[in-house]
C-alpha cells in the first residue's frame with residue numbers, strides 16, 4: 001500500500017512538472033512569437049510541408065507532392081494557352097518525314113509546330129527573369145528573345161545554306177518593323193479611334209539610330225562587292241564583314257549596358273517618371289507562375305525541341321521551293337519569320353489595344369534592333385568559327401529593301417504618336433515587300449577565291 005502511494009505521488013509530481021514545463025514553454029513561445037528565429041523556423045516548416053520532406057530527411061508524402069509540383073508545372077506551361085494545340089504538329093512532322101518524306105508537308109508541319117514552342121520559350125524566359133533581377137533578366141531576354149531565329153539560322157549555316165540564313169534574318173527584321181508594328185498601330189488605333197496614341201519618341205529614335213547603323217554595316221560590303229573595288233577579290237569583303245560584325249556586337253553590348261544600368265526609362269523627365277511609377281505601381285507586382293528551376297528546365301526542353309524541328313525545317317526548304325514553285329527568297333524573307341514572330345505579333349497587338357504603346361514599340365522595334373545588331377553579327381562570327389564564308393553582303397536588292405524600310409519607319413516614329421492609318425500604311429508596305437520577294441529570283445552565288 002505504501003509503495004502504491006509512493007508511485008502515485010511520483011506520478012503526480014511528474015505531471016505537475018510537465019505542466020509547469022509546458023506553461024513555461026508557452027510563455028517562451030509568446031515572448032518569442034515575433035522574433036526572427038521563430039519566423040525562420042515557420043518558413044522552414046512551411047517549406048517542408050509544401051514539398052513533403054526536410055532537406056536531410058524523407059517523408060512518405062514527398063513523392064506525392066513532387067508529382068503534384070510536376071503536374072502543376074505542366075498544366076501551367078503546356079495547357080494554359082490555346083496556341084499550344086499546335087505542339088502536336090511537332091511529332092507529326094517527324095512521322096510524316098519517316099513515312100512519306102514529302103518536303104512541302106514536312107516544312108509546313110514543322111513551321112506550325114515551332115510557333116507555340118517559340119511563344120513558350122519567351123514565356124519561360126520571362127518567368128526566369130522575375131527571379132534574377134533586372135540586370136540578368138535583361139540579358140536573358142536579349143539572349144533568348146530571338147532564340148528561334150538564331151537556332152534556325154545556325155542549323156542552316158551548318159548545312160552551308162548561307163543565303164537562307166541571310167534571308168531569314170532580314171525577313172525577321174522586315175516583319176517586325178512593318179507587319180508587327182503596323183498591326184499594333186492599326187489595332188490600337190481602331191480601339192482608341194477617338195484619340196491619337198502616344199509613345200516615348202526619344203527611345204524610338206535611339207533604336208532607329210541603331211537600325212541605321214546596322215544598315216551601314218550591311219551596305220558597305222555589298223557596295224564594295226558590286227563596285228569591284230576590293231583590294232583582294234572575295235577576301236576583303238569577308239574580312240570587312242567580320243570586322244564590322246565585331247564592332248556591331250560591341251555597340252550592342254554597350255547599348256545593353258546603357259539600358260540596364262540607367263534608369264528604367266532615361267528619356268522621361270523626372271516628374272513624368274514619378275507619375276508613371278505611381279500609375280504603374282500595381283502593375284509591377286507580378287509574381288512568377290512557375291519556380292526558378294522549373295523555368296530553367298522548360299527553357300532547356302523548349303530549346304532542344306525547337307532545335308530538332310529546325311533541322312527538319314531547314315532540310316525541307318529547297319524541296320519545298322521546288323514542290324510549291326515559289327522562290328527560296330520568299331520562303332526565307334516571308335514564311336520563316338512567321339515562326340519566330342508569331343508570339344511577338346500577338347503580344348504587340350495586345351499591348352497596343354491596352355494603350356501600352358511603348359511596350360508594343362519595344363517588342364517590334366526592340367526585336368528588330370536585336371536581330372540587326374546582335375543576330376546577324378553573331379551568325380557571321382559563328383560562321384567564322386565553323387569555317388563558313390558568312391558575310392554581311394546581303395545583295396543589293398535585299399540591302400536596298402532594308403534601307404528603305406528603316407527610313408520609312410523612322411519617319412513614322414519621329415512624331416511620337418500613332419493612329420490606325422499609320423498602321424494600315426505599314427501593313428501595305430509589308431504587302432509590297434512580300435510581293436517583291438515573290439517575283440525576285442535570287443542570283444546564283446558567285447565563285448570567290450577565299451580562305452575562311
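Numbers run from 1 along the shown chain.
Cβ from N, Cα, C; glycine included.
TrEMBL does not curate its annotations; it predicts them automatically.
What TrEMBL lists as transmembrane segment is 83-99 (among others).
Marked as transmembrane segment by TrEMBL: 105-123 (among others).
According to TrEMBL, the domain 'Sodium/calcium exchanger membrane region' annotation covers 105-260 (among others).
What TrEMBL records for 135-157 (among others) is transmembrane segment.
The feature transmembrane segment is assigned by TrEMBL to 169-193 (among others). Within the chain, the transmembrane segment (169-193) has long-range Cβ neighbours (under 8 A, six or more residues past its boundaries) at 146, 149, 153, 211, 332-334, 336-338, 340-341, 344-345, 348-349, 351-353, 355, 357, 360-361, 363-365, 367-368, 371-372, 375-376, 379, 394, 398, 401-402, 405-406, 409, 418-427, 429-430, 433.
The transmembrane segment annotation in TrEMBL covers 205-227 (among others).
The transmembrane segment feature in TrEMBL is assigned to 239-258 (among others).
Annotation source TrEMBL lists domain 'Sodium/calcium exchanger membrane region' at 295-437 (among others).
Annotation comment: TrEMBL describes 296-314 (among others) as transmembrane segment. Packing against the transmembrane segment (296-314) from elsewhere in the chain are residues 73, 77, 90, 93-94, 97, 106-107, 110-111, 113-114, 117-118, 120-121, 124-125, 128, 144, 147-148, 151-152, 155-156, 159, 161, 164, 290, 336, 339: each is 6 or more residues past its ends and has a CB under 8 Å from a CB in it.
Per TrEMBL, the feature transmembrane segment maps to 326-351 (among others). Outside the transmembrane segment (326-351) by six or more residues, the chain places 83, 111, 114-115, 118-119, 122, 146, 148-149, 152, 163-164, 166-168, 170-172, 174-176, 179-181, 183-184, 187-188, 313, 317-318, 320, 357, 359-360, 363-364, 367, 398, 433-434, 437-442 with a CB less than 8 A from a CB of the stretch.
For 363-386 (among others), the entry in TrEMBL reads transmembrane segment.
Annotation comment: TrEMBL describes 392-413 (among others) as transmembrane segment.
The transmembrane segment annotation in TrEMBL covers 420-439 (among others). Cβ atoms under 8 Å from those of the transmembrane segment (420-439) belong to residues 174-175, 177-179, 181-190, 193, 326-327, 329-330, 333-334, 401, 405, 408-409, 412 of the same chain, restricted to positions at least 6 beyond its ends.
If you look at the transmembrane segment (83-99), the same-chain residues 6 or more away from its ends with a CB under 8 A from one of its CBs are 105-106, 109-110, 112-117, 119-120, 305, 308-309, 312, 342. Most Cβ pairs under 8 Å to the transmembrane segment (205-227), among the stretches 105-123, 363-386, 392-413, belong to 392-413. Note on the transmembrane segment (105-123): residues 77-78, 81, 83-90, 92-93, 96-97, 144-145, 147-148, 298-299, 302-303, 305-306, 309-310, 312-313, 315-317, 319-320, 335-336, 338-340, 342-344, 346 of its chain, located 6 or more positions outside it, place their CB under 8 angstroms from a CB of the stretch. In terms of DSSP helix, strand and coil, the domain 'Sodium/calcium exchanger membrane region' (295-437) has 121 helix, 2 strand, 20 coil.
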